[in-house]
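Have a look at the structure below, then the notes.
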Amino acid sequence: MNLVVYLIQLFLAALLHLSAVKAAHIPKEGGKSKNDVIPFMDVYKKSACKTRELLVDIIQEYPDEIEHTYIPSCVVLMRCAGCCNDEALECVPTETRNVTMEVLRVKQRVSQHNFQLSFTEHTKCECRPKAEVKAKKENHCEPCSERRKRLYVQDPLTCKCSCKFTQMQCKSRQLELNERTCRCEKPR
């Protein structure tokens, strides 16, 4: 009896997966022949940064769940995708929401049952500077000293270098701060 229920659930899951694949397919508009040229504005609008239905692998969202198999193995989620007008920008979510979906969770030869998983869906998208571009702009200062980096702190806005140790820290050890070398030294 359990095998029959499992086979029915497997069939329904496969059917759901196939319908999701069909829904994710972008159909040709108006029965155009394969030699028609798609106008620029159509191409531009379809490629813009926006939320779209995407198939997302469950294991991608839950990488630590390797001892289980999920049916279906992927789900349809609204996610940000598309192109930005500048290569330094990327399409990223600005608003999200959680959605809970019921899937079949199978542990090989042990158990199977319906299981609820929570996923993040994107509701709004924007083109924003890529993370590596931000990092390059933020770190525009030359290092204080190649040989003694650990002795200095640097103001990221002004790039001004100052000693990591303070006069008070040096005095607490009966030493004086040498501001040229940024080291605590014995008084002369």
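Cβ coordinates come from backbone N, Cα and C, glycine included.
Here the structure is a predicted model, which means the values were calculated and not measured.
Per Swiss-Prot, the feature disulfide bond maps to C49-C91 (among others); the stated evidence is similarity to another entry. Sequence-distant contacts (6 or more apart, same chain, Cβ under 8 Å) of C91 (disulfide bond) comprise C49, K50, C80, A81, G82, C83, C84, C125, E126, C127.
Look at Swiss-Prot and you will find C80-C125 (among others) tagged as disulfide bond, backed by similarity to another entry. Following the DSSP three-state reduction, the secondary structure of C125 (disulfide bond) is strand.
Marked as disulfide bond by Swiss-Prot on the basis of similarity to another entry: C84-C127 (among others). Following the DSSP three-state reduction, the secondary structure of C84 (disulfide bond) is coil. Within 10 Å of the C-beta of C84 (disulfide bond) there are 19 other C-beta atoms, taking all protein chains into account.
Sequence-distant neighbours of N98 (N-linked glycosylation site) (same chain, 6+ residues apart, CB-CB distance under 8 A): S118, F119, T120, E121. The N-linked glycosylation site annotation in Swiss-Prot covers N98, and the record cites a curator's inference as its basis.
The signal peptide feature in Swiss-Prot is assigned to 1-23; the stated evidence is sequence analysis.
Residue with the densest Cβ environment among the disulfide-bonded residues C49, C125, C127: C125, by other Cβ atoms within 10 Å.
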